Amino acid sequence: MTETPSSLRLGIAGLGTVGRGLVRIIEDMADLLSARAGRRIVIRAVSARTRKRDRGIDLSPYAWCDNPVDLAALDDVDAVVELIGGGDGPALALARETLGRGKAFVTANKALIAAHGATLAALAEKNGAPLRFEAAVAGGIPVIKALREGLAGNRVGGLYGILNGTCNYILTRMEEEGLAFDDVLADAQRLGYAEADPTFDIDGIDTAHKTAILAALAFGCAPDMDAVPCEGIRSIAPVDIDYASELGYRIKLLGIARKTAKGLETRVYPAMVPLASPLAQVGGALNAVVIAADPVGQTVYEGFGAGEGPTASAVAADIIDIARGLGGPPLGVPAARLETPVSIPREAHEGRFYMRLRVEDRPGVMADITAGLARAGVSIESLLQRGAALNGGVYVVLTTHMAVEAAVAEALTLFRQLDSVLESPTMIRVEGEPETPA
Ligand SMILES: NC(=O)c1ccc[n+]([C@@H]2O[C@H](COP(=O)([O-])OP(=O)(O)OC[C@H]3O[C@@H](n4cnc5c(N)ncnc54)[C@H](O)[C@@H]3O)[C@@H](O)[C@H]2O)c1
Ligand SMILES: N[C@@H](CCO)C(=O)O
Ligand code: NA
């Protein structure tokens, strides 16, 4: 008689959007999951802030822990799933306790992995405990697996990602419906896309967490938030969305990681991407990642990066991997072999730029602007002046050829000193597509 493998017994911490979704998948798809995993996947215990809340799921079959960290010590829990959130606090304590005991740890928490990914990976490896975090980046899109496994036979040149559903949803509705930023944010929060603190979404911090993790997997380094200068979408005005479209672009919040001859550049900023590029087609709450690698070339991944079902499905996939006994270093290479790359500073970034200035409509103003650009060493690609702008003056909109960010910053400083420039100029970076390694 063949022996039936024992079930994989879970403790789940956090029963909010993702936790509830995971309980539903495990209950509703039990047979399919066990067929794929080769053993039953069962929930033994759960933890959340309040026990009584109506979540639309029956928790009565499961043991309850007031303190999520207690899940790790339960004898009938083999793997802990952390769906609380936060870079420190109970999530970190639970990760340390679980991995320290040699048990598997699954999380959707990008803040945690971005801050502590390397030390947790080292702890996991030391104790022979699996550590998985597919849902942490681009939710339901299997992009962690793509980088760690599917593309393992490639050298990555660069990757661009639309990694925050909330921001993409806001930018899309602003463009399509001409709505104000604040009205659309409230809708994204209602739909369960936004972080507990939505400033993490809007100010690009969530995208920076995810970019740091993708960079680590792509380039074999520790996730490093300090190396990801980050700007969000608060300052994106409807007028820039319109000019972008006129110039053949669409504005997207991008997480970027690319290796150049000078080092590794990781950045988060809203950028104009060509309308014909894959990222420009990604609307609403969808996420997408474009990876350029050698020898495979460009690969594109798109899908829902947030929301109950998509995110929980990625957590379920990690659990199945653990049940199957799939191992390997959590960050693709052993923690002891993670490199510390030279990080390209913000001001050394080379690229193309869009600028919009509201200026007085009188002779000589255009000459002042072009003189400022010449003094800073920035070459103009296109320059256009538009009729009356709000509150008097006219808009001058220009794009540059390749320029160094420090030079563009100098030009902007010079513009601010001109009497004819009526408000602080707007600058948005212009991107193409990631490049395969030279
Ligand atoms: N919502 C999404 O679409 C999404 C997508 C990808 C990743 N994530 C990540 O998944 C994680 C969970 O997100 P969410 O949207 O489900 O959050 P949520 O706010 O909906 O749920 C959080 C849960 O954690 C519980 N919790 C909070 N503090 C706790 C504590 N001290 N002890 C025990 N339980 C505690 C809460 O009671 C709640 O059940 C976060 O790391 C988030 O970044 C979310
Ligand atoms: N707040 C995130 C959730 C997914 O990580 C988003 O909007 O994409
Ligand atoms: Na994912």
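Cβ from N, Cα, C; glycine included.
These numbers come from a predicted model, not from an experiment.
For K110, the entry in TrEMBL reads NADPH binding site. Annotation source TrEMBL lists L-homoserine binding site at E195. Under the heading active site, proton donor, TrEMBL lists K210. Annotation comment: TrEMBL describes 354-435 as domain 'ACT'.
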Tally of residues which DSSP labels helix, strand or coil - the domain 'ACT' (354-435): 24 helix, 30 strand, 28 coil
Cβ neighbour count within 10 Å of K210 (active site, proton donor): 30
Neighbour-count leader, CB within 10 A, binding-site residues: K110, E195: K110
K210 (active site, proton donor) and the residue listed as 'L-homoserine binding site', distance between Cα atoms, whole Å: 13
K210 (active site, proton donor) versus K110 (NADPH binding site) - Cα distance in angstrom: 6
Stretch-averaged pLDDT - the domain 'ACT' (354-435): 93
DSSP three-state assignment for K110 (NADPH binding site): helix
